[in-house]
Every structure is written in C-alpha cells, then in structure tokens.
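Read the structure below first, then the notes.
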Amino acid sequence: MTFIKGRIRSLYYVLVGVWHLVCKEPPILVHTSVTLFFFFLGFYFEISRTEWMIQVLACGIVLTVESLNTAIEKICDFIHPDYHKKIGTIKDISAGAVGFAVGAATIALAILYYPYFF
C-alpha cells in the first residue's frame, strides 16, 4: 500500500505544479490558450491520428520548455534577487530555448494546417 500512496502523492504534486503554472504564470496561460485553440482547429478540421500526434507533441514541447524556463527564472531570482549580468544571461538562454520550441512548433503546425486553409 505504501507504493500506491507514494504514487498518489506524486500525482498530487504534479497537479499542484500544473495548477500553479496555469494560474500564476502568464506565459503558460498564453501557451495553454494557443494549445486549446489548435485543439479546437484539430476537431474542426477532423485531422488524422498522425496529425494529432504531431500537434500534441508540438504543443506539449512548447508547454514543457516554457515550464522549465519558468522554473529556471524562479531559481535565478531566488539565488540572486538583484540584477546580475550572469543571471541575466542564464535567463536569456532559457528564454531562447522557448523561442526554439515555439519556432519549431509554429513551423510544424503551419505545415500541418496549410492544406486545410489553402
């Protein structure tokens, strides 16, 4: 029974983390809204299973990288609350990773939905 209680406790912490991200972090809220919009488009255009997999992965990667970026920024703020050039560089690199993920997802979703619009 201890194993099951541990898994339930882990799931609780996952849900608390997701709730915190969605409710208190504006960038996550934006990415979540965009994800919901693309899910609506997927249902509207009745995309294939393969297209759903691509869409879910693209949106999931963006949300994951943005979540990691948020965690890195929180750690940096905790370690060094005042401005520091190296902390700024770390935050910029972390934000750049989000840029890569968003860019790749944008290209993938543009390729996916192009035939439905044109």
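For all residues, glycine too, the Cβ spot is worked out from N, Cα and C.
Curation plays no part in TrEMBL annotations; they are all automatic predictions.
According to TrEMBL:
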type: ACT_SITE; residues: E66; note: active site, proton acceptor
type: BINDING; residues: Y13, E25, E73, K91, D92; note: ATP binding site
type: BINDING; residues: E66; note: substrate binding site
type: TRANSMEM; residues: 28-46; note: transmembrane segment
type: TRANSMEM; residues: 93-116; note: transmembrane segment
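TrEMBL feature annotations superimposed on the structure.
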| residue | record | Cβ neighbours (10 Å) |
| --- | --- | --- |
| Y13 | ATP binding site | 9 |
| E25 | ATP binding site | 18 |
| E66 | active site, proton acceptor | 23 |
| E73 | ATP binding site | 17 |
| K91 | ATP binding site | 15 |
| D92 | ATP binding site | 9 |
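Here the transmembrane segment (28-46) has Cβ contacts under 8 Å with residues 21-22, 52, 55, 59, 62-63, 66-67, 70, 109, 113, 116 of the same chain, all six or more residues outside its ends. If you take the Cα of Y13 (ATP binding site) and the Cα of the residue listed as 'active site, proton acceptor', they are about 18 angstrom apart, rounded to a whole number. In this structure the alpha carbons, written CA, of E25 (ATP binding site) and E66 (active site, proton acceptor) are 10 Å apart. DSSP assigns the residue listed as 'active site, proton acceptor' to a helix.
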